[in-house]
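**Student:** Take a look at what Swiss-Prot says about it:
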type	residues	note
TRANSMEM	34-54	transmembrane segment
TRANSMEM	78-99	transmembrane segment
BINDING	His84, His183	heme b b562 binding site
BINDING	His98, His197	heme b b566 binding site
TRANSMEM	114-134	transmembrane segment
TRANSMEM	179-199	transmembrane segment
BINDING	His202	ubiquinone binding site
TRANSMEM	227-247	transmembrane segment
TRANSMEM	289-309	transmembrane segment
TRANSMEM	321-341	transmembrane segment
TRANSMEM	348-368	transmembrane segment
Amino acid sequence: MAPNPRKSHPLLKMINNSLIDLPTPSNISIWWNFGSLLGICLLTQIMTGLLLATHYTADTTLAFSSVAHTCRNVQYGWLIRNLHANGASFFFICIYLHIGRGLYYGSYLYKETWNTGIILLLTLMATAFVGYVLPWGQMSFWGATVITNLFSAIPYIGQTIVEWAWGGFSVDNPTLTRFFALHFLLPFLIAGLTLIHLTFLHESGSNNPLGIISNCDKIPFHPYFSLKDILGFMLMLLPLTTLALFSPNLLGDPENFTPANPLTTPPHIKPEWYFLFAYAILRSIPNKLGGVLALAASVLILFLIPFLHKSKQRTMTFRPISQLLFWTLVANLLILTWIGSQPVEHPFIIIGQLASLTYFLILLALFPLTGALENKLLNH
């Protein structure tokens, strides 16, 4: 029999083992679609970003007008920009749902896959932040000023780090140039980390909604899940194009229609919606260093999740108390997102503080306690 190049060629063999003949649990649900959706998001962002970079000028005097020029004079420049800006939102929607799936179904017990995933999240957050600064609108400038300034809370070396990051004594031309360089570079780092993430995943194979070993019941990835993934792509790209074509500025900040001006501060400085939960946690602590530590902890706490798993069952499928707690956490994050968009005044301050406390309480104390309680209930 003639050798099949798909199974013998060194490169095709890797693709075959990852995307075609990959043994996949037969019962994985639509929640397992988000990994491939994140891959499509990354590809879309790199392609649209590359096209935007060809028309962008990383200079404080020209950045704003170069973006306006792209939208007005470049063929379909407006569409490319709208897809890129809103694509970031969809990227974060997918990654948050992907992490939520991991939490609910105990996928974090694949520690290497989980940890590389968190590093991917942090890299994505950094990429989105530096990218937001590039159009050089008011909120871009002041967002960059406020967030980079947080590093000055680090004792002794903080101020030096900030001035080193800025390339001067304030956010200016050197800052914009290096942010553009970073924004161009980081997506390729994300692509590399994704391959590591997948390598670790394929060491163990996918988890499934029951959280049990599924070696006895696996099916090939293609055609079953490749087809299911294509359906997922369509279901994501349709709302993305709808948003980009009908209301591209829905999720943006109106302040960014004003060119950056270091002399006037916007009334409410706030980041894009996908960072609002962390921003609310930052603001809920009246001390600068305390706020920065809470902000860092709000994301880095994910590294602790595998060690806080006390249940005998992997997933929450048959754990109703943990399910209730999980959805409480989701509601809590939505409240934090809303609070982050509100001005710092009563009653928003106290709501934000309570929601921040509840966030850490659920993850650090209530999840492990509930797991232990459910183990006890199983024995009776």
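Here, residue 1 is simply the first one shown, and the rest follow in order.
Just so it is clear, glycine is given a Cβ too, placed from its N, Cα and C backbone atoms.
The shown structure was predicted, so the numbers you read here are calculated from the model rather than taken from an experiment.
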**Student:** Sorted by position, what residues of the same chain at least six away from the residue listed as 'ubiquinone binding site' have a C-beta under 8 A from it?
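**Tutor:** Once residues fewer than 6 apart are set aside, the residue listed as 'ubiquinone binding site' is near Asn17, Ser18, Leu22.
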**Student:** In terms of Cβ proximity under 8 Å, which residues at least six beyond the ends of the transmembrane segment (179-199) contact it?
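**Tutor:** 18, 38-39, 42, 45-46, 49, 53, 56, 58, 113, 116-117, 119-120, 123-124, 126-127, 130-131, 133-134, 144.
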**Student:** Pop the Cα-Cα gap between His98 (heme b b566 binding site) and His183 (heme b b562 binding site) into the table, whole Å please.
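**Tutor:** Rounded to a whole number, the Cα-Cα distance is 23 Å.
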**Student:** Ten-angstrom check, please: count other Cβ atoms within 10 Å of the Cβ of His98 (heme b b566 binding site), all chains counted.
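**Tutor:** Its Cβ has 20 other Cβ atoms within 10 Å.
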**Student:** Under 8 Å between C-beta atoms and at least six apart in sequence, can you list the same-chain neighbours of His197 (heme b b566 binding site), or say none if there are none?
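**Tutor:** Counting only residues 6 or more apart in sequence, the Cβ neighbours of His197 (heme b b566 binding site) under 8 Å are Thr113, Thr116, Gly117, Leu120.
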**Student:** Mind pulling out the one from 114-134, 227-247, 289-309 with the most Cβ pairs under 8 angstroms to the transmembrane segment (34-54)?
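**Tutor:** Stretch with the highest Cβ contact count: 227-247.
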**Student:** Using a cut-off of under 8 Å between C-beta atoms, tell me which stretch among 227-247, 289-309, 321-341, 348-368 contacts the transmembrane segment (114-134) the most.
**Tutor:** 289-309
**Student:** So how many other Cβ atoms are close to His183 (heme b b562 binding site), meaning within 10 Å of its Cβ?
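**Tutor:** There are 22 such Cβ atoms around His183 (heme b b562 binding site).
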**Student:** What parts of the chain pack near the transmembrane segment (348-368), using Cβ distances under 8 Å and only residues at least 6 beyond its ends?
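**Tutor:** Residues 280-281, 283-285, 294, 297-298, 301, 304-305, 308-310, 322, 325, 328-329, 332-333, 335-336, 339-340, 342 contact the transmembrane segment (348-368) from elsewhere in the chain.
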**Student:** How many neighbouring Cβ atoms, not counting its own, are there within 10 Å of the Cβ of His84 (heme b b562 binding site)?
**Tutor:** 20
**Student:** Using the alpha carbons only, what distance in Å do you get between His84 (heme b b562 binding site) and His98 (heme b b566 binding site) once rounded?
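**Tutor:** So the Cα of His98 (heme b b566 binding site) lies 21 Å away from that of His84 (heme b b562 binding site).
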**Student:** What three-state class does DSSP give the residue listed as 'ubiquinone binding site'?
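**Tutor:** It is helical.
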**Student:** Does DSSP give His183 (heme b b562 binding site) helix, strand or coil?
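**Tutor:** DSSP call for His183 (heme b b562 binding site): helix.
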